[in-house]
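Chemist: Positions annotated as transmembrane segment by TrEMBL: 16-32, 38-55, 76-98, 128-150, 162-181, 201-220, 272-290, 339-359, 366-384, 404-424.
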Amino acid sequence: MISMGFDRYGLDKRQPIVGFIVLILTIVWAITLNQKAGSLPMALVAGLMIGYTLTRSRYGFAGGVKRIFYRGEGSLTIALLVMLATTALINFGIQWFAASNGAIPAWEITSAKQALIPGTQNVRIGNISVIIGAFLFGMGMIMAGGCASGTLSDFGEGEGHAWIAFPFFVLFAAPGQYFGYILDNTTIGKIGVNVWLPQYIGYWGALLLTIAILFVLYLITKYYENKKKAAGAWLSPKSDWADYEKPIPLDEKHHFKWWSWTTYHKLFIERWSFLTGGIGITLVASFIMITTNKAWGVTTPFVTLDQKIFQLFGMQFHSPAFDETAKAMSGPLLMDGGTIRNIGIVLGALIAFLMAGRFKANLKMTWADFSGYAFGGAFMGLGSRMARGCNIGALYSSITNFSLHGYIFMFFLVLGAAFAIKLFQGKLDLCPMYMPKKVLKEDITYE
């Protein structure tokens, strides 16, 4: 019965067996990691949940800009705003409780005995490094087909654009870290705003202001969406779902059974909504905050990996620019929680596709596409580390921890993304020509 369902939709019924084996091996690895440090399997579990959620819901930050431009509908953008709001609410509680019990912001810590307010590590100055970094990152994520977390999940899904973008992302991460440090210490680099909202308007004020800003962005999204509808350039949020992703209705012919195609489809194949994906990411991000005492980040481990690679060729890193990765560099790469979590994202996405029988290495690309993916990865590597974070560290984990610089990053990220779409549409496979009032190619995704 289940086998027939796979055949009906052209899915590979052998892949779930491979997916189950990968899951078992991952559990064995987690047990091994636990013998080295209890925090490592926690990082792996978080990564698995992130990768699985991103893939099941086709969720991603790059699509928050790209999808609404091409399709005229803001379901993913709105889901991102809801995710920001719900995460901010949870972090509000975590930070308020910590501060009420004597914890202080990260920049005031002078002794290891002092308690730190979780998430304040993401409060930074919004300066020229953030502006340039965000713009470059916005361009890069459009060219490469995904942001940092999206590149990792797409890597696990077998997407060729991620397989090309990722090594270039890593290769340019350490140079970006260095350039950002140099620029931060110039006269112009010291000009900027460094505001942690609770320090000025209290926790309640910070939460209410954050919700208000996100609500304004929601209204702008709906206004833009309505304009597209009026112009006939709006597509239904579910019109790009593959047939096998759509829910199977439970009627007289499809009543509930534990061992049936309908049940398997519901558990492992049916696509989750963007809103479900956003809530899922919120829960995992909160899990990370609680278990690590700091917010989720993706690209700092890329710098560590880059340094490890450069060290193989005799390069040394003595600049204060790399103080952030000094601890991770002092030990094996697989003893770094951030690296383990990133590997978990890849594995989570891989397991999701295998269990759905839809994994396929997609390596077809032109030379122009290859170049776009490579330069996109390089731009993201440079940009993310100049800004000291990607869409996760510099936007999501900054805004939801009440750092004003997160909004600066968001603004210039969107500008960079819009610029890349205008510049490359019709020239790269992931940037097709904008075709209002026409259904776009079904094989183009907008996560």
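Backbone N, Cα and C define each Cβ position, glycine as well.
Automated prediction, rather than curation, is the source of TrEMBL annotations.
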Chemist: Which stretch, 128-150, 162-181, 201-220, tops the Cβ pairs under 8 Å count with the transmembrane segment (404-424)?
Modeler: 128-150
Chemist: Using a cut-off of under 8 Å between C-beta atoms, tell me which stretch among 38-55, 76-98, 162-181, 272-290 contacts the transmembrane segment (366-384) the most.
Modeler: 162-181
Chemist: For the transmembrane segment (339-359), name the stretch out of 16-32, 38-55, 162-181, 201-220 with the most CB-CB pairs under 8 Å.
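Modeler: Stretch with the highest Cβ contact count: 38-55.
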Chemist: Near the transmembrane segment (38-55), which same-chain residues lie under 8 Å Cβ to Cβ, leaving out any that are not at least 6 residues past its ends?
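Modeler: Sequence-distant neighbours of the transmembrane segment (38-55): 26, 29-31, 149-150, 152-153, 156-157, 272, 277, 280-281, 283-284, 287-288, 291-292, 296, 335, 337-338, 340-353, 447.
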Chemist: What residues elsewhere in the chain lie close to the transmembrane segment (201-220), defined as a C-beta under 8 angstroms and at least 6 residues from its ends?
Modeler: 78, 81, 84-85, 88-89, 92, 95-96, 99, 399-400, 402, 407
